[in-house]
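Taking it in order: structure first as structure tokens, then the write-up.
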Amino acid sequence: MDEQPQGMQGPPVPQFQPQKALRPDMGYNTLANFRIEKKIGRGQFSEVYRASCLLDGVPVALKKVQIFDLMDAKARADCIKEIDLLKQLNHPNVIKYYASFIEDNELNIVLELADAGDLSRMIKHFKKQKRLIPERTVWKYFVQLCSALDHMHSRRVMHRDIKPANVFITATGVVKLGDLGLGRFFSSKTTAAHSLVGTPYYMSPERIHENGYNFKSDIWSLGCLLYEMAALQSPFYGDKMNLYSLCKKIEQCDYPPLPSDHYSEELRQLVNICINPDPEKRPDIAYVYDVAKRMHACTASS
């Protein structure tokens with residue numbers, strides 16, 4: 001998080017300190033059992049805090065969703081159902097969902113903490129230094145991401161929001177895919193469709209045409225992410241671009257080719273088949289993961 005300039009004090013961080021005795025019987029299912037330490041992120045309708053459980057000392061991320069009380073009963077039920085699905089995921093490259101509960105009319109989600117950094121920060125670092133990420137480094141992280149998505153898809157769970165900011169990297173170089181599957185519950189259609197707040201560079205053509213999201217939409221986003229790791233910018237990025245021109249570029253798959261002198265034919269080909277306007281022609285995650293495993297083994301030993 002950026003530091004506050006001296007002399008400029010931000011709003012005080014809300015405190016959710018226990019007002020009453022601990023509830024050991026409730027485990028991770030009440031705010032009374034957590035000490036909130038600091039805010040580490042915020043979305044349009046949610047805030048994420050670093051916290052620690054007062055029962056076992058485990059550091060966690062606590063996501064508080066304010067829009068929950070604006071949802072109708074069906075949306076709430078669907079959301080809780082989705083979180084229950086996410087709790088069943090168990091993979092070293094997927095952020096673990098520990099618990100969720102409603103308290104003070106807010107939805108609280110307790111997650112594994114991954115605060116060492118994320119892929120967007122790494123991309124910015126290389127861009128600032130005017131250096132490309134070495135291909136073997138690209139595969140080192142990408143193969144872990146594919147492993148995470150393979151686990152999710154095998155359990156019929158879509159991610160729905162794959163982008164560099166949702167790919168966390170621990171201090172030991174382990175990838176953790178986070179912010180799983182819940183974006184559609186905590187967004188406003190009007191905001192997503194008509195504003196450039198959080199420009200949707202990774203939006204697939206079928207989403208532009210409102211044909212619904214499917215597993216192949218995750219593959220499109222995965223291809224965009226692989227491209228961005230190599231080019232240090234989104235395939236459809238452009239200066240002074242409005243939403244209409246962005247959508248046109250996406251529909252036409254109009255993006256600059258990756259430099260062939262820096263990146264292998266295999267990497268460039270994988271990007272091309274993932275960023276295909278026709279979802280049916282995109283590979284499934286098993287295929288992408290196989291290529292990533294082969295290329296990781298090949299580049300790691302060279």
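Backbone N, Cα and C atoms are what each Cβ position is placed from, and that goes for glycine too.
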Given the ranges 20-33, 146-159, 160-173, which one is assigned the annotation region 'NTE motif' in Swiss-Prot?
20-33
For the domain 'Protein kinase' (34-299), mean pLDDT (0 to 100):
87
Nearest-integer angstrom distance between the alpha carbons (Cα) of R42 (ATP binding site) and D161 (active site, proton acceptor):
15
Which entry in the list of binding-site residues, Q44, S46, has its Cβ near the fewest other Cβ atoms, using 10 Å as the limit?
Q44
